[in-house]
Amino acid sequence: MELNRRDFMKANAAMAAAAAAGMTIPVKNVYAADDGIRWDKAPCRFCGTGCSVLVGTKDGRVVATQGDPDAEVNRGLNCIKGYFLSKIMYGADRVQTPLLRMKDGKFHKEGDFTPVSWDQAFTIMAEKVKDILKKKEPNSVGMFSSGQTTIFEGYAKVKLWKGGLRSNTIDPNARHCMASAAVAFMRTFGMDEPMGCYNDIEKTDAFVLWGSNMAEMHPILWSRISDRRLSDDKVKVVVMSTFEHRSFELADTPIIFKPHSDLAILNYIANYIIQNDKVNWDFVNKHTKFKRGETDIGYGLRPDHPRQKAAKNAKTAGKMYDSDFEEFKKIVEPYTLEKAHEISGVPKDQLETLAKMYADPKQTLVSFWTMGFNQHVRGVWVNHMVYNVHLLTGKISTPGCGPFSLTGQPSACGTAREVGTFVHRLPADMVVTNPKHVEIVEKAWKLPKGTIPTVPGYPAVMQSRMLKDGKLNFLWQLCTNNMQGGPNINEEIFPGWRNPENFIVVSDPYPSVSAVAADLILPTCMWVEKEGAYGNAERRTQFWRQQVKGPGESKSDLWQIVEFSKYFKTDEVWDEALLAQMPEYRGKTLYEVLYKNGQVDKFDTPTNIPGYINDEAEHFGYYLQKGLFEEYAAFGRGHGHDLADFDTYHQVRGLRWPVVDGKETLWRYREGFDPYVKAGEGVSFYGYPDKKAIILGVPYEEPAESPDEEYDLWLCTGRVLEHWHTGTMTRRVPELHRSFPNNLCWMHPDDAKARGLRHGDKVKLITRRGEIITHLDTRGRNKCPKGLIYTTFFDAGQLANKLTLDATDPISGETDYKKCAVKVVKA
């Protein structure tokens, strides 16, 4: 057998990409091992790529993980974090029993953490909730959850909070990372989530990355892009960012733009398409309609902030007005090549190269983006703008062409968005503000009419403000670390958590920054210590079975939610008007109403699977996960969100919804791929009754905060390959911690020299909100342009979010972690 040039190039591309991302090459014969290790599948615990791994267990512990060679997503590859998954659960400081702040044998806000039983923990939680509900509205009781929560857990949370306690104040940390993408999907297409799939990578001839360092944040997908680029000379890669990172190593067109100027660049591309007669009129006329967005909409700041007070249309930020092509043309017309260059600082030849790629009808192209796009005070707009250029050219919903929003968490799509753990959402793209949607959910859950409030609760940043202001008095945080990951910690988060009027609960496997700031810590099971399901960025739903038990008294979030529901009777949390509709519910617990309701509890636990463990099923006496999933999945079936039956997912490496007649959907809205598109329609954006997507005209507007004479640099925050989010898991893996032990500040050498600083110096980063001390890096992997510094938030010893501004997109409520003003001095 000969190895031809193409095979050689492909092999080298895969190896090079693997090496760059610290990946392991798959071992095919793991099942054949005779060392007593039992192997089973599970999706990776980290990012939203959705890699499948093989988990090896022995003597009740996870002892090894490998890339799953049978998985289509990662094809046996692991990134460096995935390689060390077996160690994330075994940090020496696992929390193994509930811990309550106590003094003199009673709860005290300033007391020491003292071990208590689960019954004691739930009793004081229930007392606090009931007391608040007697005095205040239900939205005064809140939950802050996560895009790492399993589908089963997320659904159980939504049922308890919205259907039981009648509070819509439940939001995920996905509000910080994916809310703008989700809102723009809903506004543009009438439905959430990408239309394409990862197969686009092998089908396209061009990749444009907007604010996405895929080489470090989605390394397995980057390995596939690298393979595609290095094995075909015609394939081109454009990488766009406010600083140079590892993804630039593969870029044919590397573009550094000024913070916030992506708005101007995208409007220039739209203008270029129009001025050069490259509009796909057949597609536009058949499949789109035009709208104009509200302008001068503010920055999601507190109402008394000067920038917020000056905004004319903050109260109508999300409004869209009927429009037409001519008005859209006028909106983008000012964004000439010269204007885009002036605003962005990007050389004109690079801007033209980019515009021509989008405009060329023969050029297949996929746009990828993540937090650089979404964490933006105009994040919804900029998402709309990238849809605009794909819709104007018809480069959408077809193999190798489309806009693709990548998620940063393993189930930001599957749980936060699809299940609906946001303050305004319900399952399957339904919302609490739509009375018809509420009626559908109440009927399915067998609840009295009017149980679910039709007013959204407090979203993520607003939760912190309301805790501080005393309007939100109970918060249960699960599977996230907002005291480290949220913005403006000193001014807006910490004060509310330590407000003596409030009671804060944190479910966490480790003593995170959030946990040690709470009043009660609940020990939670991790990853394969429970049965679970995730939904990744390409709409792929994946299941796994429990493979080991959690340590000590650790319990899964699912067990915690469902067990906690037993501590409430309907008479204690529902008013007489609701009880009068269904008197049979009087005296019943929320557990009986929501979970042991004849639907969730109707499936028996499997008895024919060797070595099967399911702690929740054993405790509650039925197959809780299956009951929750089948009740939840019924909302989407027949409505474009079809999921397969529960048992199927345990047999496969995931399926991309909608799954109809056992067949997954690769490209939505396109005839021949999507079962909801009728013969002869070609394309159908069926999320709207008229089956047309929206092209939205909006302008460039200034950021919330910019450098000035005192705070003379831009601050951008983000991550590194070795660590994930706040490092709660990865910093407890010795190999990952040693590889990148502490946060750094990356700066241009000339900026350092101008301040009398050198590489390695200890420096102080100072904003209007706070300061941290770190070390300077002028030579490392991230190369900043003059005027901008970059730092990360994984290091609990350097709380970078003391610095960040709590400005949000006014439409989505998503935080802008990428842009605020900072100064750097020697420490």
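One is the number of the first residue shown, and numbering goes on along the chain from there.
Any Cβ shown, glycine's included, is placed from N, Cα and C.
Keep in mind it's a predicted model, so treat the numbers as computed, not measured.
Copied over from Swiss-Prot:
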- 1-32: signal peptide (SIGNAL)
- 37-93: domain '4Fe-4S Mo/W bis-MGD-type' (DOMAIN)
- Cys44, Cys47, Cys51, Cys79: [4Fe-4S] cluster binding site (BINDING)
- Lys81, Gln148, Asn173, Cys177, 210-217, 241-245, Met371, Gln375, Asn481, 507-508, Lys530, Asp557, 717-726, Asn801, Lys818: Mo-bis(molybdopterin guanine dinucleotide) binding site (BINDING)
- Phe793: substrate binding site (BINDING)
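Where Swiss-Prot records a feature, it is marked here on the structure.
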residue	record	DSSP (3 states)
Cys44	[4Fe-4S] cluster binding site	coil
Cys51	[4Fe-4S] cluster binding site	coil
Cys79	[4Fe-4S] cluster binding site	coil
Gly211	Mo-bis(molybdopterin guanine dinucleotide) binding site	coil
Glu216	Mo-bis(molybdopterin guanine dinucleotide) binding site	helix
Ser507	Mo-bis(molybdopterin guanine dinucleotide) binding site	strand
Gly718	Mo-bis(molybdopterin guanine dinucleotide) binding site	strand
Phe793	substrate binding site	coil
Lys818	Mo-bis(molybdopterin guanine dinucleotide) binding site	coil
Cβ neighbour count within 10 Å of Ser507 (Mo-bis(molybdopterin guanine dinucleotide) binding site): 27
Chain-mates of Cys44, Cys47, Cys51, Cys79 with C-beta within 8 Å of site centroid, [4Fe-4S] cluster: Phe46, Thr49, Gly50, Val53, Asn74, Asn78, Lys81, Gly82, Pro219, Ile220
Secondary structure composition of the domain '4Fe-4S Mo/W bis-MGD-type' (37-93) [DSSP: H/G/I, E/B, coil]: 7 helix, 21 strand, 29 coil
Rounded to the nearest Å - Cα separation of His723 (Mo-bis(molybdopterin guanine dinucleotide) binding site) and Cys79 ([4Fe-4S] cluster binding site): 11
Rounded Cα-Cα span from Cys47 ([4Fe-4S] cluster binding site) to Ser507 (Mo-bis(molybdopterin guanine dinucleotide) binding site), Å: 20
Cα-to-Cα gap, Lys81 (Mo-bis(molybdopterin guanine dinucleotide) binding site) vs Cys44 ([4Fe-4S] cluster binding site), nearest whole Å: 9
Inter-residue Cα distance where the pair is Glu216 (Mo-bis(molybdopterin guanine dinucleotide) binding site) and Cys44 ([4Fe-4S] cluster binding site), in Å: 16
Cα proximity to Cys79 ([4Fe-4S] cluster binding site), best match among binding-site residues Glu216, Glu244, Phe793, Lys818: Glu216
Within 10 angstroms of Phe793 (substrate binding site), Cα basis - binding-site residues out of Cys51, Glu244, Gly718, Lys818: Gly718
All-chain count of other Cβ atoms within 10 Å of Gly718 (Mo-bis(molybdopterin guanine dinucleotide) binding site): 24
For the domain '4Fe-4S Mo/W bis-MGD-type' (37-93), the mean pLDDT of the predicted model: 96
Where His723 (Mo-bis(molybdopterin guanine dinucleotide) binding site) falls in three-state DSSP terms: coil
Rounded to the nearest Å - Cα separation of Cys51 ([4Fe-4S] cluster binding site) and Glu216 (Mo-bis(molybdopterin guanine dinucleotide) binding site): 15
Top Cα neighbour of Cys47 ([4Fe-4S] cluster binding site) in the set of binding-site residues Gly211, Glu216, Glu244, Lys818: Glu216
Neighbourhood of Lys818 (Mo-bis(molybdopterin guanine dinucleotide) binding site), C-beta criterion under 8 angstroms, separation at least six: Gly211, Thr242, Pro259, Met371, Gly372, Gln375, His376, Cys716, Thr717, Gly718
Neighbour count (Cβ, 10 Å) for Lys81 (Mo-bis(molybdopterin guanine dinucleotide) binding site): 24
Glu244 (Mo-bis(molybdopterin guanine dinucleotide) binding site): secondary structure state under DSSP, collapsed to three categories: strand
